Amino acid sequence: MTGGKLLVYLLRRDLRASDNPILHHLATVKDHGFTHLLPVFVFPANQIEVSGFLEAGLESPYPPARSQVGKFWRCGPHRAKFLAQAVWDLKQTLEDLESGLIIRVGSAADALQHLVSGLSDQRLSVGGVWMAEEPSHEEQQEQASIAAMCSANDIDFKLWQDEKYFVDDRDTGLKQASDLPDIFTSYRKSQEPLRERPRPALPRPVKSSLPEFPDPNLIPPQAPPFVEASNLEDLEMRLLAPLGSLLPNPPPFPEDAASASPFRGGETSAWERLRHLIQSGAMTKYNDTRNGLIGSDFSTKLSAFLALGCLSARRIHKELLDFENGANPLYETGEGYGKGENEGTRSVRFELLWRDYMRLCTKKFGHKLFRLSGFRQDASYHKEWKTSDVTTAKPHQKPSPGEIGRIIERFMEGTTGMGLIDASQRELFHTGYTSNRARQNVASFFSKHMGIDWRYGAEWYESMLTDYDVSSNWSNWQYVAGVGNDPRGDARIFNPVKQAFDYDKEGTYVRSWVPEVRGLEKLENIFQPCTASKAELERAGIADHIMVTDPVKRIEFLVDRKPKPPRKPFSRRRPGGRGGRAAGGATDNGTSGSTSGTGSAPSNVSGGAPRESAGHQHQVAGNQAQQPLMAIHVAHAPPYKGMAMNPAGFQPHVFPPAGLYPLQYNDTQWFDGAWDPSGGWGYGGEPLGRGGRRGNSGHNGWRSHGGGQYAGYTPVAPCFPPQNTRPPA
């Protein structure tokens with residue numbers, strides 16, 4: 001190829017041939033100026049441990065790829081294997097297209113410099129380096145170092161728009177990242193109708209359409225002290241070898257348990273999964289099944305493929321359109337074929353937009369994604385996070401750093417004594433997957449109930465999850481920890497016992513992954529073994545188990561006090577709506593201290609992204625007539641410390657659900673009032689008109705006004721929000 005011009009395409013999280021804008025451009029545009037194409041994938045040494053590729057007796061020039069706070073391996077065995085499969089699958093796909101892919105380890109800049117120097121020695125000219133842009137802090141630093149390397153070697157460098165997402169950044173209407181609304185609902189409304197938003201997916205290049213792959217004999221080998229993997233099995237082995245035992249006391253894999261996400265990595269597997277979901281009708285049923293815990297089809301399980309770019313969001317959208325429009329006979333077996341958008345497909349699009357939003361938050365907030373104070377950085381939020389680090393722990397921290405370290409270890413092993421949490425953690429450890437519902441509860445339990453630095457949990461998920469995505473993982477952990485873009489902040493708390501009763505109604509999931517409790521009969525004991533009697537524990541053989549003798553947290557939850565009253569959920573869920581991703585969305589009664597709840601207590605009340613606020617009707621014994629809430633008059637002058645309440649409408653210490661209720665400001669203006677049992681009354685948004693028009697009101701910026709002489713006073717009459725009921729004249 002003397003006299004030719006070679007392009008290096010550096011792949012990262014765009015491991016696909018279909019709907020790949022760089023490959024599509026090279027295959028269809030004839031004046032791109034390159035005679036040869038060299039696709040390259042580099043396993044980054046700062047994110048993935050690469051010491052398994054070392055030549056015998058040599059040391060790595062890179063530090064171990066461990067996390068900052070918890071010192072966990074940043075890429076655990078499940079994702080390492082899935083990634084290896086995805087890279088190798090793309091290699092085979094490109095070879096089928098008469099191209100190829102070379103695989104390297106180290107830093108991308110080092111690997112590229114070695115390639116450029118080696119090719120120059122062969123009198124081959126590297127004319128350009130192209131790559132797709134990524135938004136996160138480390139990837140931005142990597143892009144800068146590669147740009148600098150190219151500049152030093154007089155090589156053209158180009159960053160391409162990352163197009164694996166649902167709505168193209170150029171079509172969002174956002175002129176800059178700072179324009180992104182801090183509340184997902186606002187962003188969603190700006191992008192609707194979602195079915196019309198994505199750009200068309202690009203076709204896969206045809207055979208022989210790409211620039212020629214250079215002679216393999218002229219490509220320099222992997223730079224020392226590392227060696228190349230000879231095949232997929234060798235690649236997997238070298239990635240997994242350094243990881244060793246991840247826990248001091250790993251839980252055994254339970255008999256009869258099975259992975260809910262048993263999929264291989266790669267574009268080929270991604271296409272198989274997508275087609276199965278549509279053909280089987282799982283996509284159509286998605287809105288009804290998405291809160292499941294067991295099985296492969298209750299959710300799409302496409303997140304791991306999306307995270308690595310094995311599949312693009314707009315490709316999913318394109319296949320859904322073909323199904324909805326009856327345009328692809330492959331999908332005619334799927335329920336709803338040719339009948340337009342349904343609740344399931346609409347919900348999938350909603351989820352894809354949520355992923356977009358998390359990435360845009362990363363672009364907006366940058367390195368704040370990894371700060372303990374989060375996006376919010378609320379000066380009024382003075383929570384003292386517990387840590388196992390003696391150098392950063394407060395002098396008075398209780399439990400001590402050493403005790404917190406042991407609690408974190410038990411959290412990872414799944415021996416906290418909280419059934420739903422332990423089942424999820426064991427499933428995660430063994431399979432690299434756990435459901436969204438379980439993730440929400442785990443994150444809430446760790447950050448809200450235990451009050452431990454949420455970054456330990458985020459880092460453990462980074463290590464363990466096959467579908468780890470930097471934006472989704474860290475943004476959602478912030479969301480549930482109360483430091484992200486959840487408008488309710490620290491007030492959103494899950495009760496994991498209540499959630500287990502709601503979503504594991506027979507205890508099947510907990511029994512499956514925590515076999516120690518299989519000998520217990522009552523659900524409340526399965527979900528919290530320490531509540532069982534001594535005789536029951538002895539019969540089950542777990543009377544001396546640490547989950548029983550020393551649970552890290554006990555949550556009082558009465559099951560049979562009285563039946564649940566009829567109620568209409570406060571949150572009217574849009575099709576596809578839900579209460580947050582691994583970040584909470586439902587709020588169960590409880591506090592971050594001693595937590596209690598009853599089987600009859602209203603719960604799962606949501607507000608803020610990504611659910612929508614709506615009405616809530618609450619019937620109270622002795623007052624079944626549905627009357628509007630009595631007026632609450634708020635003192636005119638900020639900071640609104642006083643409230644003059646109509647005593648006929650209130651009783652002390654009777655707690656309704658958290659939610660929005662009309663607050664009267666003066667004779668003509670009303671506000672949405674925010675009630676939270678742990679924080680008291682607050683208000684948010686612009687004043688409502690006398691007729692109850694919502695206008696721009698909302699619950700952004702709630703300010704708590706609990707305490708004082710009105711502490712404990714709450715409405716007992718049924719309540720309706722202003723948009724449904726005119727305020728009292």
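Note that Cβ sites are derived from N, Cα and C of the backbone, with glycine treated the same way.
A quick note: this is a predicted structure, and the numbers were derived from the prediction, not measured.
Annotated in TrEMBL:
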- Y286, S299, T300, K301, L302, S303, D467, Y468, D469: FAD binding site (BINDING)
- 189-199: compositional bias 'Basic and acidic residues' (COMPBIAS)
- 564-576: compositional bias 'Basic residues' (COMPBIAS)
- 584-601: compositional bias 'Low complexity' (COMPBIAS)
- 5-165: domain 'Photolyase/cryptochrome alpha/beta' (DOMAIN)
- 188-218: region 'Disordered' (REGION)
- 558-623: region 'Disordered' (REGION)
- 692-729: region 'Disordered' (REGION)
- W385: site 'Electron transfer via tryptophanyl radical' (SITE)
- W454: site 'Electron transfer via tryptophanyl radical' (SITE)
- W477: site 'Electron transfer via tryptophanyl radical' (SITE)
Report task. Sort out the sequence-distant neighbours of D469 (FAD binding site) for me: same chain, 6+ apart, CB within less than 8 Å of its CB, listed by position. Result -> S303, L306, A307, R355, M358
Report summary line: Span of the recorded FAD site, as the biggest CA-CA distance among Y286, S299, T300, K301, L302, S303, D467, Y468, D469 in Å, is 22
Requested in this report: Determine, using Cα-Cα distances only, which of these recorded sites is closest to Y286 (FAD binding site): W385, W454, W477.
Outcome: W477
Query - Same-chain residues near the compositional bias 'Basic and acidic residues' (189-199), Cβ under 8 Å, at least 6 residues beyond its ends - result: 163, 166-168, 171-173, 181, 313-314, 317-318, 321, 341, 346, 349-350, 353
Requested in this report: Could you say which of the recorded positions Y286, W385, W454, W477 has its Cβ with the most other Cβ atoms inside 10 Å?
Outcome: W477
Query - Tertiary contacts of the region 'Disordered' (188-218) (same chain, 6+ residues out, Cβ under 8 Å) - result: 1, 6-7, 17-21, 23-24, 26-28, 32, 34-38, 94, 96-100, 119, 122, 124, 163, 166-168, 171-173, 181, 312-315, 317-318, 321, 341, 346, 349-350, 353, 357, 610
Query raised in the report: Including all protein chains displayed, how many Cβ atoms other than that of L302 (FAD binding site) lie within 10 Å of its Cβ?
Result: 21
Report task. Please work out the mean pLDDT for the residues of the domain 'Photolyase/cryptochrome alpha/beta' (5-165). Result -> 97
Report summary line: Cα of L302 (FAD binding site) to Cα of W477 (site 'Electron transfer via tryptophanyl radical'), in Å and rounded, measures 20
Query raised in the report: Quick one: Cα separation, W477 (site 'Electron transfer via tryptophanyl radical') versus D467 (FAD binding site), in Å?
Result: 15
Query - For Y286 (FAD binding site): DSSP state (helix, strand, coil) - result: helix
Query raised in the report: Looking at the recorded positions T300, W385, D467, which has the shortest Cα distance to W454 (site 'Electron transfer via tryptophanyl radical')?
Result: W385
**Report entry** Rounded inter-Cα distance in Å - T300 (FAD binding site), W385 (site 'Electron transfer via tryptophanyl radical')
**Finding:** 35
Report task. Enumerate same-chain residues with a sequence separation of six or more from D467 (FAD binding site) and a Cβ-Cβ distance below 8 A; give 'none' if the list is empty. Result -> S261, S303, A304, L306, A307, G432, Y433
Report task. Would you count the other C-beta atoms found within 10 angstroms of the C-beta of T300 (FAD binding site) for me? Result -> 21
Requested in this report: Give the residue counts of the region 'Disordered' (188-218) per reduced DSSP state, in the order helix, strand, coil.
Outcome: 10 helix, 1 strand, 20 coil
